[in-house]
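OK, TrEMBL features for this one:
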type	residues	note
TRANSMEM	6-31	transmembrane segment
TRANSMEM	67-86	transmembrane segment
TRANSMEM	98-117	transmembrane segment
TRANSMEM	137-158	transmembrane segment
TRANSMEM	164-182	transmembrane segment
TRANSMEM	189-222	transmembrane segment
């Protein structure tokens, strides 16, 4: 097999033009706005899941933090639907691109930090220097806390990218091994095919969990700054 393992992560093009913008906009079609007095079952389930997630995620926030509810719910729906669509054959997953995940993580993280410095200036500055710190450790702790603060958006983006990319690579490798073993050892190919099915089910769970973890961490950053 001479196929490049990372070929599926390359940005797709059509007539030499990248179509990643169209792919990013596609998941929004899956969540239609209700325009009837009585909703159908699909929209009712969709609204119930959104309400359940928003209540669980925003319960810890005050009134100022709850103004972010719409943004956080849109974020988890976008990441979750994008991850799930990326599991389809011959599809492209935008969340495997570190640049895109940084593009989501940095503005959201920066918004929570700026809100903290604006509304809770003393508490935000207090995070850089824990109470009771010895005088000779103050410069070192300030540097460490500053670095840890700026690492937060990078950790958000890298976590999402690594988990989604690793799962797709495993599916690709096991799928290729199954095809190669079909003509050599059908019994072994059957075992690898069962493993492939189980891994695909696991990836469905990982796709939803990573969307929830990404949004939950942004929510926790928001809670610490409001």
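If you go along the chain as it appears here, the first residue is 1 and each next one adds 1.
Every residue, even glycine, has its Cβ placed from backbone N, Cα and C.
Remember, TrEMBL labels are computer predictions, not curated facts.
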Give me the stretch from 98-117, 137-158, 164-182, 189-222 with the greatest number of Cβ pairs under 8 Å to the transmembrane segment (67-86).
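Top-ranked stretch among 98-117, 137-158, 164-182, 189-222: 189-222.
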Please indicate, using numbers and ranges, the residues of the same chain that are 6 or more beyond the transmembrane segment (189-222) and have a C-beta under 8 Å from a C-beta there.
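Residues 53, 57-58, 60-61, 65, 68, 72, 75-76, 79-80, 83-84, 86-87, 95, 104-105, 108-109, 112-113, 115, 152, 156, 159-160, 163-164, 167-168, 170-171, 174-175, 177-178, 181-182 contact the transmembrane segment (189-222) from elsewhere in the chain.
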